[in-house]
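The next block holds one structure in the form of C-alpha cells; read it before the comments.
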Amino acid sequence: MKILWAALVVTLLAGCQADVEPEVEVREPAVWQSGQPWELALGRLWDYLRWVQTLSDQVQEELLSSKVTQELTLLMEDTMKEVTAYKSELEKELGPMAEDTKARLSKELQGAQARLGADMEEVRNRLLQYRSEVQAMLGQSSEELRARLASHLRKLRKRLQRDADDVQKRLAVYRAGAQEGAERSVSAIRERLGSLMEQGRLQALTSQPLRERAQAWGEQMRGRLEKVGSQARDRLDEVREQMEEVRVKMEEQAEAFQARLKSWFEPMVEDVRRQWAELMQKVQVAMGASTPAPSQKP
C-alpha cells in the first residue's frame with residue numbers, strides 16, 4: 001500500500017514538473033525605454049506585461065475584474081497608433097525613392113505590424129481565457145491554471161519581442177530611406193541652385209552689351225528731346241514776337257482810324273457851332289428890334 005502511495009506521489013510530482021516549464025529569462029529591450037514615441041509606448045506595454053507575468057495577488061484580482069485586459073487594450077491601441085503615425089511620418093520623406101522599392105518596404109512593414117498586433121491580441125485573449133477558466137473552477141485550486149498562464153505569457157513575450165524587433169528593423173530601413181531621400185533632395189536643390197547661379201552669371205555677361213546699347217539709346221533719346229525742347233522754345237519766342245508785332249500794328253491802325261474820324265467830324269462840328277452862333281446872334285438882334293423904347297415925361 002505504501003508502495004502504491006509512493007508511486008502515486010512520484011507520478012503527481014512528475015506531472016506537475018512537466019506542466020511547469022522552466023522559466024527562460026527574456027531579454028529586456030532597453031532601447032524601448034528611450035526612443036521614438038512608438039518605442040516608448042511599446043516599452044510601457046512591455047513593463048505592464050512583465051508585471052502581469054508576476055501573477056501576484058493584485059494581478060489575479062485585477063484579472064478577475066477585467067481591469068488588466070482593459071488596461072492592456074489601451075496600451076495595445078496606443079502602441080499601434082504610434083507605430084502607424086511614425087510610419088506615415090517617414091513615408092512623407094520617401095519621395096525620391098523608387099516606387100517599387102517604396103511599395104516593397106511598405107508591404108514588409110505592414111506585415112511586421114500585423115504580426116505585432118496579432119501577438120498583442122493573443123496575449124489579451126489568453127488573459128481572457130484564464131479569467132474564464134478561473135471563474136469556471138468555482139473556488140477550486142487554480143495553481144495549475146496560473147502555471148500554464150505563466151508559461152504562455154513567457155512564450156508570448158518572447159514572440160512579442162521578436163516581432164517588435166522586426167518592426168523596429170523595418171522602421172529603421174524606412175528611416176534610412178527617408179534620410180537618403182532627404183540627402184538626394186538637398187543635393188538636387190544644390191545642383192539646381194548652382195545651375196541657376198551659373199545661368200544668372202552668363203545672362204549677366206550676355207546682358208552687358210544690351211545695357212550699353214540701352215544706355216546709348218537713352219542718351220540719344222535725351223539729346224533728341226533736348227533738341228526738340230530747344231526748338232519748341234525758339235518757336236515760342238518767334239510766336240511771341242509775331243504777336244507783339246501784330247499788337248503794335250493793330251494799335252497803329254486804331255490810332256490812324258481815330259485820326260481819320262476826327263478829321264471827318266471836326267469840320268462838321270465847327271460848321272454846326274458857327275451856324276448856331278450866327279443863329280443866336282440873329283435871334284438876339286430880332287428881339288432887340290421888337291422891344292419898344294421907354295416913354296419920356298414932360
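Cβ atoms are placed via backbone N, Cα and C, with glycine included.
Checking the ranges 13-25, 260-272, 273-285 against Swiss-Prot, the region 'Specificity for association with VLDL' annotation falls on 260-272.
Annotation for Met137 (methionine sulfoxide): spatial neighbours Leu145, criterion Cβ-Cβ under 8 Å with sequence separation of six or more. Following the DSSP three-state reduction, the secondary structure of Met137 (methionine sulfoxide) is helix.
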